[in-house]
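Heads up: the structure comes next, in structure tokens.
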């Protein structure tokens with residue numbers, strides 16, 4: 001990207017940061033003014049964070065405040081079992097992950113019940129057997145059938161159990177846990193199919209043997225993958241191949257330096273959690289959304305800031321959940337996919353999809369996008385390959401209309417960006433650039449305008465995913481229908497400035513990384 005004049009960059013940052021701060025102040029003032037009118041949507045706050053707290057983020061409340069203490073207790077127990085296996089005089093280091101899988105099954109039996117544990121073991125054994133057939137579509141069929149079984153009775157009760165005598169939150173816990181486990185089951189089956197193909201190929205078999213790699217994944221490794229405690233409940237999602245390779249590498253005990261890193265990482269994610277709690281004590285974004293008559297009457301500045309805050313809170317929430325899971329996994333020598341990238345510094349559909357849930361993105365790449373051809377077999381094949389992951393996500397979401405709308409909008413956005421990149425490389429467009437002597441700076445402005453026009457629909461689709469179709473409909477109406485043309489132009493201008501600011505930050509980051517990279521030195525011969 002070309003460089004822009006300093007004054008122009010400063011103007012972009014001024015508009016971007018100034019408008020964001022102004023919108024946040026509007027939300028803060030609105031939250032304070034309507035507190036007495038919507039007390040049903042608030043809980044008593046925690047000193048010293050604030051007097052009242054928005055209770056609308058049910059997922060955060062469940063996994064941190066209600067069911068979270070039990071999960072944390074399970075993680076601490078997993079950490080203790082793993083450290084006991086690290087003791088050299090016991091000689092259990094090689095069996096650490098097997099012992100942890102047994103512990104996880106016992107913990108789940110105590111917390112959730114025997115039925116879910118038995119069902120997961122049954123599905124794992126069946127998928128392990130199916131993978132021996134080397135029929136990839138058979139693994140997909142079985143995995144999707146298990147998915148669909150969660151949406152119909154009596155198959156749902158057979159898999160998740162009868163929760164009439166259990167706490168009210170247990171159906172949601174078992175449902176989310178089973179969905180995540182099914183994604184791992186599909187990965188297990190597909191990776192085992194691939195290994196079975198390699199085993200049948202003598203050339204590949206000899207190559208693996210020379211490299212010192214064991215080719216046959218065992219059933220115990222499969223169970224250790226499914227019942228790995230740090231990533232069991234919410235993720236992040238790992239492919240079976242990635243997990244297997246890491247546990248087969250030379251396992252080492254957790255040292256003093258590793259324990260210190262573990263404590264520092266836990267403290268860091270605790271600070272992120274406190275930040276999210278502070279936001280919910282002062283910005284009542286979910287309460288405002290649920291009070292529909294009030295939400296409809298808000299101006300565009302307040303609405304935009306509420307949407308911005310909701311997306312950021314969603315990212316911070318999964319930074320905490322994935323970060324803590326990754327911290328416990330790193331103590332075992334397992335490197336999980338990274339935490340979500342800050343949504344505020346993402347401007348492309350493709351990057352937003354790729355950098356939020358990195359584990360899910362890697363899963364889709366390995367098992368869906370690349371097997372269908374990816375980007376190496378022409379544009380039409382790329383469009384088809386990019387459609388399939390969003391179709392899988394729609395099925396994973398149980399056919400929920402908000403997830404279907406979000407998936408469709410993101411697929412259209414990804415396709416439009418791919419078409420634009422392809423068009424920019426054509427001889428016709430290159431000839432136009434040469435004919436009109438388009439500078440790098442002008443090229444950057446056009447790219448920012450293109451992404452700025454797409455960014456508002458991207459955020460609206462995200463808000464459909466987070467708040468439902470009605471919430472997204474209000475944003476779309478106020479931006480492109482009721483507020484046209486003023487709201488449309490102002491929103492596009494703000495998004496344009498935001499994209500330019502992000503591009504500049506990326507340029508600074510790339511420049512710093514080049515400066516910190518040491519040049520290679522060559523010895524004189």
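Note that Cβ sites are derived from N, Cα and C of the backbone, with glycine treated the same way.
Among the features that TrEMBL reports, transmembrane segment is placed at 12-29 (among others).
Annotated transmembrane segment per TrEMBL: 62-85 (among others), in sequence order. Through the fold, the transmembrane segment (62-85) approaches residues 92-93, 95-96, 99-100, 103-104, 107, 111, 169, 172-173, 229-230, 233-234, 254, 273, 320-321, 324, 328, 331-332 of its own chain, all at least 6 residues removed from its boundaries and within a Cβ separation under 8 Å.
Beyond the ends of the transmembrane segment (106-129), by six or more residues, the same chain brings 70, 74, 77-78, 139, 142-143, 146, 158-161, 166, 170, 173-174, 177-178, 181-182, 185-186, 188-189, 192, 219, 222-223, 226-227, 229, 232 to within a C-beta distance below 8 angstroms of the stretch. Per TrEMBL, the feature transmembrane segment maps to 106-129 (among others).
Taking Cβ pairs closer than 8 Å, the transmembrane segment (135-155) reaches residues 123, 126-127, 175, 178-179, 182, 185-186, 189-190, 193, 371, 395-396, 398-399 in its own chain, all 6 or more past its ends. Summarising the annotation, TrEMBL assigns transmembrane segment to 135-155 (among others).
Using a Cβ-Cβ cut-off under 8 Å and counting only residues 6 or more beyond its ends in the same chain, the transmembrane segment (167-186) has close neighbours at 62, 66-67, 112, 116, 119-120, 123-124, 127, 139-140, 143, 146-147, 150, 159-161, 225-226, 232-235, 237-238, 240, 360, 363, 367, 396. Taken from TrEMBL, the feature transmembrane segment applies to 167-186 (among others).
Residues of the same chain lying 6 or more positions beyond the ends of the transmembrane segment (222-240) and with a Cβ under 8 Å from any Cβ of it are 63, 71, 74-75, 78, 97-98, 100-101, 103-105, 107-108, 120-121, 124, 127-128, 173, 176-177, 180-181, 183-185, 187-188, 191-192, 247, 321-322, 325-326, 328-329, 332, 334, 336-337, 357-360, 362-363, 366-367. The annotation transmembrane segment is assigned in TrEMBL to 222-240 (among others).
Per TrEMBL, the feature transmembrane segment maps to 403-424 (among others).
Long-range Cβ contacts of the transmembrane segment (445-467) within its own chain (Cβ-Cβ under 8 Å, at least 6 residues beyond either end) map to 1, 4, 289, 307-308, 310-311, 314, 343, 347-349, 352, 402-403, 405-406, 409-410, 413, 416-417, 420, 438, 475-476, 479, 491-493, 495-496, 498-500, 503. As annotated by TrEMBL, transmembrane segment applies to 445-467 (among others).
Taken from TrEMBL, the feature transmembrane segment applies to 473-496 (among others).
Sequence-distant contacts of the transmembrane segment (12-29) (same chain, six or more residues past either end, CB-CB distance under 8 Å): 282-283, 285, 288, 299, 301-302, 304-306, 308-309, 493-494, 497-498, 500-501, 504. Sequence-distant neighbours of the transmembrane segment (403-424) (same chain, 6+ residues past either end, Cβ-Cβ under 8 Å): 348-350, 352-353, 379, 382-383, 386-387, 390-391, 393-394, 397, 450, 454, 457-458, 460-462, 464-465, 469, 472. Below 8 angstroms of C-beta separation, residues 15-16, 19, 295-296, 300, 303-304, 307, 347, 448-449, 451-453, 455-456, 459-460, 463 of the same chain, each at least six residues beyond the ends of the transmembrane segment (473-496), sit close to that stretch.
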